[in-house]
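Note sheet for the following structure.
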Amino acid sequence: MAVTATMANSGSAGKRLLKEEDMTKVEFETSEEVDVTPTFDTMGLREDLLHGIYAYGFEKPSTIQQRAIKQIIKGRDVIAQSQSGTGKTATFSISVRQCLDIQVLETQALILAPTRELAVQIQKGLLALGDYMNVQCHACIGGTNVGEDIRKLDYGQHVVAGMPGRVFDTIRRRSLRTRAIKMLILDEADEMLNKGFKEQIYDVYRYLPPATQVVLISATLPHEILEMTNKFMTDPLRILGKPNFTVSSMHGDMPQKERESIMEFRSGASRVLISTNVWARGLDVRQVSLIINYDLPNNRELYIHRIGRSGRYGRKGVASTL
């Protein structure tokens, strides 16, 4: 789909906006040039980033990570449809870290999110992946002290994550300098539109350098999203995630070959595991944070073993009984 660029009349903020185009008849499907990279080791990632990925507990990239990380690293504009729990935050967090120049203490990546909680989660995820990289990341959110934002931004931040309104406010105050920004991430874009952030997203975008790479992540892709991206994305790659949850199952009567589904869960390729008590003992997956008991076990020891599958190695875990 061909697009042409025009200059936006935004005063000192000379940021390109693309022409309007009718998107109501556009069918969204994965671009043909999107390939699958099955391991983190074959993505061309820097060594210190790989150390952080494996230290965090990742073993194998999820479906969206296998398709999107290399494309984002190449500098392409990307539209990715991905549900929560599929590894989307790690997808752009890894990509952002790979593209940063750590020696330049200026904001190089800007991540917009619909809620304060998500912005803080993104910040924590970026920092957690960077145990072996000295990356500065600040969450710019409403309900906090503006003076603290100004102090942090004056110190210098490689990455800023925040809600559109607060981010735009810091740009207008000249606290957040945009001259070095080379990547804009729109996380949960459909939620941002639902919350009425469309114009604020445009306001932020107009202050970014003309060559800024744009990556949009959304669980759904209504026409309003596609119309918005058509204004400021150049020949974007489209990556369509699987529409359903990735679920594995395991029980004692399964043949050994079918029990290999536990490896899908352990690696992160499957996000949910439904199992009998066969999984209550001896199996260890670090990333498990939630255990749901469909019914109560018949003895105390079994209950302890069940809920002990979460919160491993000092991590937090939650157990719920229906």
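Every residue gets a Cβ built from N, Cα and C, even glycine.
Residue ranges 38-66, 67-95, 154-182 are listed, and TrEMBL annotates 38-66 among them as motif 'Q motif'. Under DSSP, the residues of the motif 'Q motif' (38-66) split into helix, strand and coil as follows: 18 helix, 0 strand, 11 coil.
Across the residues of the domain 'Helicase C-terminal' (200-322), the predicted structure has a mean pLDDT of 80.
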